[in-house]
Structures are given as C-alpha cells and as structure tokens.
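The structure under discussion appears below in the form of structure tokens.
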Amino acid sequence: MGLQQSKEELVYQQVNYGNADGIRALRAQGAGLEWIDKEGKTPLMVASMRPDLINVVQVLIELGANVNAYRPGSYCGTALHHAAKKGLEQTVHLLLSHGANPFITNDDCHTALDLAREKGHVNVVRAIEGRISLFCGWMRENYGPGFLEAFAPQFLTRKIWAVILPREARNQTRPLKLELTIYPELQASKPQAVIKLWKCQLEEPKFNQANPSVTIFDKGTRTRYKLLPVCEGDKQQLQWFYSACCGIPQVASMVPAQPANAPLPNPSSASSLPSVISTPSKEDAELAMAINASILSAIAEGVPDVQPITTTTATNDWGNPPSNSLNGWGPPDTSAPSKTSGQVPVVTSSSSTYNGWDVPGTSSGQSSSKHNKSQNSTFVVPQEALPSLPVPTAPPLAVGTFYDGPIQYPSIDSTPVDVTMPSADGGTAVSSAKPAENEGDAKPAESDANASNSGNTPPGTCVICLDAPVEGACIPCGHMAGCMSCLKDIESKKWGCPICRAKINQIIRLYAV
C-alpha cells in the first residue's frame, strides 16, 4: 500500500498540469500553497518559470500565495527572479502589481533587474525600471573635450536613455541611495554606465541660461558627466531630471520617444511600451492626496493666496507702480480670493484717487466713472471677496522691560554654617561652628556647645554608606568624609578622597574629647 500524498503536494502537481480549477478546489479544502519540492521551489515559482502558466500565477496570487517566498541557492531567489531570468514580461508585471519586492537579492547578490540585464531581456528590464524608477527618458550627454564645446557643441553630444533608480526600498531611517543608469539606446539591455549618485557631487543647473545642463562629478572615478535635455532649452525636463537626482519622484509619466536615427521596434515590443511608463508609488499617491486635501481646506477657510499678482497697464510704464504705498505698509492692492471662486484673484486698480484718499462726499459711481475715463484703468472682476484677515502684530513691550539703572545683585550671606559631628561612642556632638559678633575671637569649646544644643542640622554621617557616623579624615586634604571601614576600603582601591578626589596618603581616626 503506497503512501498517500498531502494536499499541498497535490497543489504542486496541479500547477505543473496547469489545472487552475483543481488548485481552487484543493485550496477550498484547506490545502496550503507554500509546499517546497526537493529543489526548493514553491508552486508559484514553478508557474513563474513557464509562459503558458500565466493564468495559474494569477490564481495562486488571488488565493494568497507568498509572492516574496525565497529559494536559497545560486541563480535562485524569489518568483520574480525566475520570471525575469526567463524573460516573461507579463508574469513580471503581474508579480510587481501584487507586491513583489524588486530589491530582494539572491545568494549571488543579484536582483531580478540584474538577471534580466544579464540575460538580455530588454522588455523585462524596461518593465522593472518603469515600476521603480524616479526618472526615465531621453537626455543628451557631452562626450568631447571641454574646450571644444565653444566651437561645435552640437557635434559633441549624443542621445542617451537615462534612468534614475533606487538601490533599495525606501527607509525613513537612512537616506535613499540612487543610481543613474545610462543606456546607449532604448533597445539596450545592459547599461553603458552606472553612476552612484550618493558618491557624486551634483551641480545645480543654471536655469537663467539659454541651454542649461546638469553636471555630475563622480568622486570615485574622477569622471565628470554633463547632461542636457533632449530638446535644446527644455528646462522642464531638466528640472525633472535634477529633482529625481535629489530623490524627488516625478509624477509625470516619461514615455520614451524613439530618436530619429533609431530603428523601428517590432510590433511585439511596441505592445510592451506601457511598461516603461513610470508609475508613482503608493507613498507618493498618499502624499499627493494629503497635499490636495490641505489645499482644498485652505481654500474653504478663505486663506489668501500669497503669490504676488502683477497687473499691467496701458500707460507704457508712465503710470504709478503697482506697489503698495507707504513702503509696503499701505493697504494691499488685491483682495483675498473668495470661497466660491477658488483661487481666482480679484484684480483692482493699482492706483486710486488722491493716492488712496478719496474725496469725501463722492459716491462709488462717481469714482468708477473717473476710472473709466482714465487711460490706465483695468477691468475689475466682480467677485464675492472675504474681508481681509487681520495682520498679526507683536505684543507691546512692558514699561519695566528695560532698566537704565545699575544691576542689583543679591547680597551674600556671610553667616557660618553649623556643622555638628557626633562622637564615635554615640555621645553628644563635640564640634560645631558658632556665629559670633567677632568670628576671629570665637572659641571652639563654645562652638561645640552651641552645636550640640542646636537641632538645625542632622548629625554627621558617612557620605559613602550613609549609615555609620563620621570617624576618619583623609590626609593630606583633611576632609572628614566617612567611617573608618569605608575610608580604608577607598584607600586600598586608591580611589582618592570621596569629596575632592585628592590622593589619600593616610587615614586617621578622630576621637571626641
């Protein structure tokens, strides 16, 4: 009688057969989906290695199979590694869309993207890069000597396909490491250069120039890269590229455009074009939703727009400037946007009658007719504007904030402190300090008597054990710090006086007389 197979092993066999209905039936009976064969492969890994089992991959993922299950060994890894190695683009898209981690490395320290590049699967490379890249698009690179740029700059640039990729998943505890990957063409699977941006010095482009560029200096190889937008003067694309180099993902999709001298792709590869489109991650979508919600709440509360709105007049710069009067302390020229109109500003005239002071007794109709007759009048858009928000001011200073007289410091109390030391036999205190009219004439005996009668201070105890009375003194500093047992212990360990940390040459016992 043979051994009965488990339900998990039956699921593995149904995957090899491509029987999706059988897999669902076994799963309904409680069968697991993570059975491992003798080679370490799970059912999802087996289905990810065959192009005809794309429907089985879909069923296993829907039933709860672990897309990041790891298979140890050389040229192994997760199901995404196996699909990328086989060049199965649809399977790669399916795994990535259901939470497969593209940053997991196998035992050879290779990611799924590395395996796809090594095997030459261009479509899989573009699919993975389109999912995780911060920027991908055509750029121009200067490859000639720097002194020739002034003579023939158009002949010293070449088109490249630039992709900015993170090396690992986003982690809030450490900065994100980015790589700039340069391909000579879109159909190339292996990059021409890989630049580690966290080891490079990035120069910000000067957008005031006609044709700005981004300069990247690799400190490790001492190589300088100068990149320009594919269209001369396209500052928007250069801004996207520079922001991606700084770690800011781009929401705008960078659809790759074929260069003029590139061969036409095959129809099969053209169908994979949407895979190159950069899609924002879940964190970016949540951040965009939060920003939009804050903007809508600000509009609903009537917060005025802080961006200045310049108005143009027909006076050929001979009219009054649109700046506020009294060096910026006058009333604003534009009113706050209304709730119903969103961010539509209400444009008013930059100058008014009598420099902001209207003649009393004139109505609004008379003033409007005067403005219509003037040449530098502007059209006023009727909007329901909210009253201007009060400008916060600093609180007034109190009268006694500043003092002109001399500074009065507190007086120093010169009264001596009473110090009481009990005797070793438990008797009365024998030494103290007594305040007297003339401190130099005070006698020790009188001080001891006063100290024994005063109950202001507790009897002296050992500062180390806080239990025994003070019995010894440290020589040469003379501090009466503690009992003999504690002081002997400190002397044997050569720790020094517990009060002043001075070196102890001798410990003497004190006797009360």
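Backbone N, Cα and C atoms are what each Cβ position is placed from, and that goes for glycine too.
Per Swiss-Prot, the features are:
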{"type": "REPEAT", "residues": "39-69", "note": "repeat 'ANK 1'"}
{"type": "REPEAT", "residues": "75-104", "note": "repeat 'ANK 2'"}
{"type": "REPEAT", "residues": "108-137", "note": "repeat 'ANK 3'"}
{"type": "COMPBIAS", "residues": "309-327", "note": "compositional bias 'Polar residues'"}
{"type": "REGION", "residues": "309-378", "note": "region 'Disordered'"}
{"type": "COMPBIAS", "residues": "335-355", "note": "compositional bias 'Polar residues'"}
{"type": "COMPBIAS", "residues": "361-378", "note": "compositional bias 'Low complexity'"}
{"type": "REGION", "residues": "423-455", "note": "region 'Disordered'"}
{"type": "COMPBIAS", "residues": "436-446", "note": "compositional bias 'Basic and acidic residues'"}
{"type": "ZN_FING", "residues": "462-501", "note": "zinc finger"}
>> Can you tell me which parts of the same chain pack against the repeat 'ANK 2' (75-104), counting only residues 6+ beyond its ends and a CB-CB cutoff under 8 A?
In response: 40, 42, 44-45, 47-51, 54, 57-58, 61, 67-69, 110-113, 115-116, 119, 121, 123-124, 127-128, 131-132, 166-169, 272, 275
> Going by DSSP, how much of the zinc finger (462-501) is helix, how much is strand and how much is coil, in residues?
Replying inline: 10 helix, 6 strand, 24 coil
>> Using DSSP, what is the helix/strand/coil residue split across the repeat 'ANK 1' (39-69)?
In response: 18 helix, 0 strand, 13 coil
>> Per DSSP, what is the helix/strand/coil residue tally across the repeat 'ANK 2' (75-104)?
In response: 17 helix, 1 strand, 12 coil
